[in-house]
Amino acid sequence: MTSEVTTKQAGAEPEPPPQQRKQRREFVNALFRFQSLFGLVAVFVVAVVFSPRHNGELLFLNADNLANVVRAMSEIGIMAVGMTFVILVGGIDLSVGAVLGLAAVGSAVLMVNDDFGVVATVVIVLAIGLFFGFLQGMASALFGIQAFIVTLAGMQIARGLARIWSGGQGVAIAYGDGPGEAPVTFSLLGERTFNGIVPIPALIFAVVAVVAIVFLRTSAFARHVYAIGGNEKAARLSGVPVTRVKVIVFCICGFLAALAGIVHAGQLNQGSPNDGFGYELDAIAAVVIGGTSLMGGRGSVVGTVAGALLLGVLNNFLGLHGVDPNVQLLVKGLVIVVAAGLQRLRPTV
Amino acid sequence: MARRRAVAAVLTAATALSLSVSCGTTSENSGQGGGGAQESECGGPDGKYTIGMSQANVAEPYRQRMDDDIKAAAESVPQFSVEFADAQQDNAKQVSDVENFLTKQIDLLIISPNEATPLTAVVAKAYNKGIPVIVLDRKVDGDAYTTWIGADNVEIGRTAGEYVATTLLPNGGKIGEIRGLAGSTPAKERGDGFREGIEGKDIEIVQSVDGDWLREKGQSQADALFKAHPDIQVLYAHNDPMAEGAYLAAKAAGIEKNLKFIGIDGLPIPSGGLKAVEQGRLSATLIYPTGGAEAVDTAKKLLVDCQDVPKEQTLETELITIDNAATVYNEANS
């Protein structure tokens, strides 16, 4: 990646005068801050240059293929945005994959078995996600149990609930007006718009990302989030309502995981209690690649979005080349390690 | 592949379900595909063809063997090259795998779906683009595919039941059953078929337990089963690994000589059921064919020979006992 090269050179050169040093430091800092954007560009360029061709056409750049990339990435992306908030306060949420499964099951069961409409289903499922996040936030913030432990338990609980609710197997969603059929509107989640190119889940991801970016840039709440992640004690002493902010952050994460679960059910026409297995790791990976520090206090949703897209392009590139799936895991692991390693090199301001 | 004999494809149900059925029920075909399925053109023997094989999960030995069978069979067709994808048991990943194959403009898709409903839309998308689709083992919903190849689990269960009724317990007796994953179709069908096979005989299934297809679960469940019912004479497991697990439990209790074990799958691999029968741990197993060789054969008919294929191709099972275990194993790996 580009930023790595730059730092090494910077370290090797003799010390420049203070004025220049400050400028350089700001420049280097910006590189690190948006490492995933540069990484995304780099991976994208590699994917284009080494794209498989068919009759001279670069298959990677095919509009359908690019749409596939964002579609496949949208669920992880939505979860990763929520995860960014949690990690910014120095927490972690391991339950999002299981909450996605629970929400997918909930969507299917409510519409198919209980004949709920789309709006009612979406509202109930999002409320479940929100409430689940609320409970985890309370357990973590109020009772001071580590987020890792709380959400590890939450992961088991959400998975168990999903299995109980679904009767242990996937609930297929058929569309129609009759009993036992889901409203056709819900099938929109599996569709593509704008001439059949842009997948609806990608649009939802985009809206979530934009709202989160604006929110994190402008609100007082966001300043509290960064303050807690930076130094919780100092934040508390300066009057930041730490417990409340932390609980809200977990609520946001649960809410977005449930939203991803609804999208998941709509894309696959099924609510399966085992779905979303391991997705929490992909979401955390997107955040880490995005340059958000796992210690909290530093990071951005822009970085996370780029990190998620980077993973998506990488998956697609490796898939198009038919790279052995086990090797794919190795490559993804290495990318995460490199991204995290780069953050260690980031100068503290 | 010399498994022809074992799995001689019985072309049932050549029901003239015409291949050109539109897929009105699925939601995702707003792309280029649009209307009904297009007749796929046949390139004949002069073409070169790329086949995409989308596997649900190669961590299961049965599915790895399916891939291996396809690879081996395709080597004898010079026009074919096969690319493999592994969805690692994730429906969403398998959808992406198929999408990648479509991007690469493969000439034919073979898919063994992780689950039916989530894969239906993307399979229909491929089919509607005019790409022939061969569905292996598990089905998809609707009929937007070219042909399905698989075995009949009810028939397999029935054969197992008849073997128990006529050979192992001709004078009646007691049976313990270790079932596959609760709620899965094969578990239901293998159980139902077995009951049909022993119907009318003086044979009683004293207890059924869930083994989730897993060897270690089969072992622990059998352990409890043997303690609760020491009078069981035959143990029927819905697959070979669970039967082997049960054998281990019996051996630990020192009662393995008093019992007969039956499994299903009969994979021709060193850790598979054929070897277990040959080495005397299982009394019998029933072959659950992978259909890999038949899939390549069907692909050849569609792309090279320009022939029609039936919509459903049911594979026959074969009863394996000590008499034929070694022969079948060697034939499958020759």
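Backbone N, Cα and C define each Cβ position, glycine as well.
Whatever TrEMBL says is automated annotation, not expert-curated.
The model shown is predicted, which means the values in this text are computed figures rather than measured ones.
Per TrEMBL, the features are:
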{"type": "REGION", "residues": "A:1-22", "note": "region 'Disordered'"}
{"type": "TRANSMEM", "residues": "A:30-50", "note": "transmembrane segment"}
{"type": "TRANSMEM", "residues": "A:70-89", "note": "transmembrane segment"}
{"type": "TRANSMEM", "residues": "A:94-112", "note": "transmembrane segment"}
{"type": "TRANSMEM", "residues": "A:118-135", "note": "transmembrane segment"}
{"type": "TRANSMEM", "residues": "A:142-162", "note": "transmembrane segment"}
{"type": "TRANSMEM", "residues": "A:196-216", "note": "transmembrane segment"}
{"type": "TRANSMEM", "residues": "A:245-265", "note": "transmembrane segment"}
{"type": "TRANSMEM", "residues": "A:301-321", "note": "transmembrane segment"}
Short question: most Cβ pairs under 8 Å with the transmembrane segment (A:245-265), which of A:30-50, A:70-89, A:94-112, A:196-216, A:301-321?
A:94-112
At least three Cβ pairs under 8 Å linking the transmembrane segment (A:301-321) and the transmembrane segment (A:30-50), pairs spaced 6 or more in sequence?
yes
Answer yes if the transmembrane segment (A:94-112) and the transmembrane segment (A:142-162) have at least three CB pairs under 8 Å among residue pairs 6 or more apart in sequence, and no otherwise.
yes
Which stretch, A:30-50, A:70-89, A:118-135, A:142-162, tops the Cβ pairs under 8 Å count with the transmembrane segment (A:196-216)?
A:70-89
Short question: which residues 6 or more past the ends of the transmembrane segment (A:70-89) have a Cβ under 8 Å from it?
96-97, 100, 147, 192, 199, 201-202, 204-205, 208-209, 212, 216, 225-226, 228-229, 245-246, 249-250, 252-257, 259-260, 263-264, 267, 279-280, 282-284, 286-287, 290, 292-294, 296-301, 304-305, 307-309, 311-312, 315-316
